[in-house]
Amino acid sequence: MQFSPTNGDFTFVSSTEAEELSGTISAPDIKLNIGGESAKDPYATTFLRQRGYGWLLEVEEEDNEETKPLLEELDIDLKDIYYKIRCVLMPMPSLGYNRQVVRDNPDFWGPLAVVLLFSMISIYGQFRVVSWIITIWIFGSLTIFLLARVLGGEVSFGQVLGVIGYSLLPLIVIAPLLLVIGGFEVVSTLIKLFGVFWAAYSAASLLVGDEFKTKKPLLIYPIFLLYIYFLSLYTGV
């Protein structure tokens with residue numbers, strides 16, 4: 001038997017029959033086109049899929065959804081927050097503000113920003129009270145909420161949390177005055193009382209509705225005490 005391959009040709013000689021067989025083997029050229037051309041070449045597509053590389057032929061669809069602004073994604077309305085701040089700082093009905101929007105349309109980011117601002121002011125010599133102020137805001141609001149529900153009020157915890165948070169603004173307003181006239185004890189005390197009454201009135205006028213009837217003082221008093229405690233965290237008194 002004789003076998004001598006040359007350039008893809010072979011020759012086979014049998015010693016018994018002395019017949020010579022010859023032939024040629026030609027391998028087909030395989031071209032792999034990845035991407036859009038694969039659809040035009042079914043052989044290449046089949047070749048890749050049979051060997052587990054079909055994922056190379058997949059084309060990711062572009063996400064056509066419009067990306068929303070960050071403020072919209074976080075549900076932050078700066079105009080709404082600014083309007084609520086004005087409603088709290090100017091609680092007099094004669095000014096014509098629709099103050100009920102602070103209660104009826106509660107938000108989280110506005111009150112949180114006010115509480116954080118009050119905490120930053122309180123850092124002055126008392127860094128440890130920052131986390132405590134946020135804790136008192138949450139659990140103090142929870143106490144007011146539970147008391148309001150017991151007394152027959154129809155408010156949600158989110159509404160109470162927002163109103164109590166926004167109503168810290170009067171205490172922030174009087175903070176610079178206390179720094180300036182801190183040496184005058186009588187004037188300083190009057191400003192503190194004014195700030196506490198201002199904050200308590202802003203909160204109570206929104207939370208204490210007509211449904212409480214004769215029970216209004218039972219809810220106004222703890223709100224007043226809550227803001228006294230907030231002020232004490234700032235002044236240390």
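Even glycines carry a Cβ here, placed using N, Cα and C.
Unlike curated records, TrEMBL annotations are generated automatically.
The annotation domain 'Yip1' is assigned in TrEMBL to 98-232. Across the residues of the domain 'Yip1' (98-232), the predicted structure has a mean pLDDT of 83.
As annotated by TrEMBL, transmembrane segment applies to 108-125 (among others).
Residues or ranges marked as transmembrane segment by TrEMBL: 131-151 (among others). Nonlocal intrachain contacts for the transmembrane segment (131-151), taken as residues 6+ away from its ends with a CB within less than 8 angstroms of a stretch CB, comprise 111, 115-116, 118-119, 122, 157, 160-161, 164-165, 168, 207, 212, 215, 218-219, 222-223, 226, 229-230, 233.
The transmembrane segment feature in TrEMBL is assigned to 163-184 (among others).
Taken from TrEMBL, the feature transmembrane segment applies to 190-209 (among others). Away from its own ends, the transmembrane segment (190-209) comes close to residues 88-89, 91, 99-100, 102-103, 144, 148, 153-155, 159-160, 163-164, 166-171, 173-174, 177-178, 181, 216, 219-220, 223-224, 227-228, 230-231, 235 of its chain (Cβ-Cβ under 8 Å, at least six residues beyond either end).
The annotation transmembrane segment is assigned in TrEMBL to 218-236 (among others).
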